[in-house]
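These notes are about the structure you will find just below.
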Amino acid sequence: MQHIIDRFISYVTIDTESDANSETTPSTAKQWDLANKLVEELKAIGMQDVTIDDKSYIMATLPSNVVHEVPTIGFVSHFDTTPDFTGANVKPQIIPNYDGKDIILNVEQNIILSPSYFKDLLLYKGQTLITTDGTTLLGADDKAGITEIMTAMEFLINNPEIKHGKIRVGFTPDEEIGRGAHHFDVEKFGADWAYTMDGSQVGELEYENFNAAGAKITFKGKSVHPGYAKGKMINSILIANDFINALPKGETPQETRGYEGFFHVNHLTGGIEESVLELIIRDHSKKKFEKRKELIEKIANKINKKFAKQFGEDIVVAEINDQYYNMKEKVVPVKYIVDIAEKAMKEVNVKPLIKPIRGGTDGCQLSYKGLPCPNIFAGGHNFHGKYEYVPVESMQKAVEVIVKIAELTSMPNFGLEQPKTKKTK
Ligand SMILES: [Zn+2]
């Protein structure tokens with residue numbers, strides 16, 4: 001256990017916060033500090049073809065140790081941490097044999113990680129937790145994933161009696177600012193499929209995410225002295241208000257879960273003459289996603305019609321841009337790659353929790369770049385803040401899952417009894 005803890009701590013104590021305002025890749029120079037270390041470590045454990053490109057994307061190979069043809073699979077994680085909370089001077093605390101009670105993260109600032117608020121903690125009674133000291137995030141997202149992949153590769157190298165095909169490893173920068181897959185060279189990676197190790201709770205297995213679009217809606221108005229405005233003034237703020245009220249009720253992020261989509265009004269600026277409203281559209285169903293985008297156009301058209309005479313031109317202009325799509329469309333045709341991960345979990349006594357992601361992952365972008373890429377748990381909880389923690393046992397389970405997936409992939413029919421016909425939504 002100490003080995004995996006030491007490895008994890010050696011990563012999280014290197015600050016790799018990314019920066020959405022930067023145009024470079026990696027977005028912050030400090031990401032090189034960990035990237036260069038990872039390259040050395042991959043070489044040291046005996047990985048081959050270890051490469052790092054000018055944008056800090058790392059790839060490495062564990063060659064096949066069987067003579068028959070086996071698909072090449074990949075495991076992918078990101079080494080940056082979110083700009084939402086500081087990742088500098090992380091001082092991890094180790095809580096062995098967690099007793100199920102409050103954990104004092106920081107005495108001076110009275111910061112407490114409590115199971116009365118974070119109920120998931122109780123799943124890990126008796127286990128070893130790694131937490132923050134209450135002043136930074138931990139960085140288990142996604143340095144737990146990197147720890148697990150590195151440890152699994154080392155284990156396979158040291159235990160050559162475990163048979164597996166060719167395995168590719170990919171570590172990326174800038175996932176937290178949505179760019180992790182942007183410069184990922186899928187062709188160079190050369191895997192038939194891959195898994196991101198970037199989920200949360202032990203057992204999570206995800207291959208469905210939102211379809212996503214952003215809309216910018218501009219409302220025009222006419223400013224007239226309010227004392228003489230009757231029949232003349234058009235207040236763009238009020239038109240924006242009408243627009244928001246025309247959106248379906250009950251379909252906001254705070255009122256939806258599971259497979260329920262939403263409109264999320266997230267920014268509004270304006271005055272009489274012009275107001276600009278920004279919103280995002282999310283839905284797992286492609287059909288409903290398209291309907292939602294159409295609705296935006298419909299509402300805009302209706303308002304435009306109403307003001308056509310008075311204003312003389314379109315008073316509402318809606319620009320809608322697609323952001324990413326549900327990876328399900330790319331994964332379902334090769335659904336066995338999910339079945340393999342599910343079987344691997346069961347074989348190492350992890351209960352698979354298959355659920356839709358209410359967001360996107362690097363894996364969804366990679367899936368659309370031709371590398372189908374479901375997401376597997378990395379084990380951490382409460383990402384992107386000071387309450388982040390990871391049970392060491394969950395990281396160990398993730399290592400076992402990676403090893404088992406490698407093993408199953410080298411077996412006839414990937415160790416699956418029969419092609420599954422499980423219904424998916
Ligand atoms: Zn992540």
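Cβ atoms are placed via backbone N, Cα and C, with glycine included.
Annotated in TrEMBL:
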type: BINDING; residues: HIS78, ASP141, ASP198; note: Zn(2+) 1 binding site
type: ACT_SITE; residues: ASP80; note: active site
type: BINDING; residues: ASP141, GLU176, HIS384; note: Zn(2+) 2 binding site
type: ACT_SITE; residues: GLU175; note: active site, proton acceptor
type: DOMAIN; residues: 207-307; note: domain 'Peptidase M20 dimerisation'
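Mapped onto this structure are the features recorded in TrEMBL.
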residue: HIS78; record: Zn(2+) 1 binding site; DSSP class: strand
residue: ASP141; record: Zn(2+) 1 binding site; DSSP class: helix
residue: GLU175; record: active site, proton acceptor; DSSP class: helix
residue: ASP198; record: Zn(2+) 1 binding site; DSSP class: strand
residue: HIS384; record: Zn(2+) 2 binding site; DSSP class: coil
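Mean pLDDT for the domain 'Peptidase M20 dimerisation' (207-307) in the predicted structure: 96.
Cα of the residue listed as 'active site' to Cα of GLU176 (Zn(2+) 2 binding site): a span of 7 Å. Ligand 1 lies under 6 Å from the Cβ of the following binding-site residues, listed in sequence order from ASP141, ASP198, HIS384: ASP141, ASP198. Its Cβ placed at the centre, ASP141 (Zn(2+) 1 binding site) has 26 other Cβ atoms within 10 Å.
Separation of the C-alpha atoms of ASP141 (Zn(2+) 1 binding site) and HIS384 (Zn(2+) 2 binding site): 8 Å, rounded to the nearest whole number. When the binding-site residues HIS78, HIS384 are compared by the number of other CB atoms within 10 angstroms of each CB, HIS384 has the fewest.
Of the chain residues outside the Zn(2+) 1 site list HIS78, ASP141, ASP198, SER77, ASP142, GLY145, GLU175, GLU176, THR196, MET197, ASP362, ALA378 have their Cβ within 8 Å of the site's Cβ mean position. Applying DSSP to the domain 'Peptidase M20 dimerisation' (207-307) sorts its residues as follows: 39 helix, 31 strand, 31 coil. The CA atom of HIS384 (Zn(2+) 2 binding site) is located 13 Å away from the CA atom of GLU175 (active site, proton acceptor). Cα-Cα distance from the residue listed as 'active site, proton acceptor' to HIS78 (Zn(2+) 1 binding site): 6 Å (rounded to the nearest whole number). The recorded positions ASP80, GLU175, GLU176, ASP198 differ in how many other CB atoms lie within 10 Å of their CB, and the one with the most is ASP80. For the pair formed by ASP198 (Zn(2+) 1 binding site) and GLU176 (Zn(2+) 2 binding site), distance between Cα atoms is given as 11 Å, rounded to the nearest Å.
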